[in-house]
Amino acid sequence: MELDDGWMGRNGMGDARAVALRRAVWAGGVLTAFGVVVWQVVVAGWLTGADAGTLDWFVGHRGDAWTVLAKEVTFLGNPERAVFLAAGVGAFVGWRYRSWRGAVFVVATVGCATGIGHVVKALVGRERPPVGTRLVAETSLSFPSGHATGTAALVGVLVLVYLRAHEGLGRRVIAVGVGVIVVGLMAITRLYLGVHWLTDVLGGALLGTGVVLVAAIVQVFWWPYESREGLGRKEISSRESSADAYTRR
């Protein structure tokens, strides 16, 4: 018997529309929050009031060891590198689930998030913090943070793939919690290195998460969930078929 966990929709396509609607509510909320941040950045609203103070705090709490660590972490979170990592993860997912759709799902989600981030950068046209505060060289515009966007998209899609094969509220909470921590660490390194404002990384995290949630809606219909029980039956059937073929030789 398959169990319905509400979020992942494991009762099959009969529940697909309800699951898609729940995901749409989440996606709408996150993307609305992203829109609010964009508006605040464009009009220099109250939310941007914390940008300068946050940057000053990180600049005043730097240390050699922390700087080395921050540079290593930010190297891994490069937006273009995130797409390459997504390609590798997508290849593994496609092999694991024997589905080209799984591979495309992973790569397309991260690629779309990164691409949208570049478009928003060009439209908003926000400058980065002063050069004197930066510990690494950056030449692109500031909002939203590409590192935060790409990391949120990559980690988010990994969480979605993980939840396809793992049931239980505890595992879901842990998976989402780990994802939040990873994205948070990437955001902190960008602030520490003095290359982004607080609203830049907040906007990037919201954009990446929003794209993942939209992808989660598409997943319901385009790459529907297949229960572990079903996968198990397929694997057993495959073994039995192989055994029968060997016996007939």
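Sequential numbering from 1, following the chain as shown.
Any Cβ shown, glycine's included, is placed from N, Cα and C.
No curator has checked TrEMBL annotations; they are predicted automatically.
What TrEMBL records for 24-47, 81-97, 104-124, 144-163, 175-193, 205-225 is transmembrane segment. Here TrEMBL flags 100-216 as domain 'Phosphatidic acid phosphatase type 2/haloperoxidase'.
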Selected stretch (most C-beta pairs under 8 A with the transmembrane segment (24-47)) from 81-97, 144-163, 205-225 = 205-225
Given 104-124, 144-163, 175-193, the one sharing the most C-beta pairs under 8 Å with the transmembrane segment (205-225) is 144-163
Using a Cβ-Cβ cut-off of under 8 Å, list the residues of the same chain that are 6+ residues beyond the ends of the transmembrane segment (144-163) and lie near it.
-> 7-8, 74, 77-79, 81-83, 85-86, 89, 93, 102, 105-106, 109-110, 112-114, 116-118, 120-121, 171-172, 175-176, 179, 182-183, 186-187, 189-190, 196, 200-209, 211-213, 215-216, 219
Counting only residues at least 6 beyond its ends, the same-chain positions whose CB falls under 8 A of a CB in the transmembrane segment (104-124) are 38, 41-42, 79-80, 82-83, 85-87, 89-90, 93-94, 140-144, 146, 149-150, 152-154, 156-157, 161, 203-204, 207-208, 211-212, 215, 218-219, 222-223
With the cut-off at Cβ under 8 Å and a gap of six or more residues from its ends, the chain residues touching the transmembrane segment (175-193) are 54-55, 58, 62, 66-67, 69-71, 73-74, 77, 134-136, 145, 147-148, 151-152, 155-156, 158-159, 162-163, 166, 200-202, 204-205, 208-209
In this predicted model, the domain 'Phosphatidic acid phosphatase type 2/haloperoxidase' (100-216) has a mean pLDDT of 91
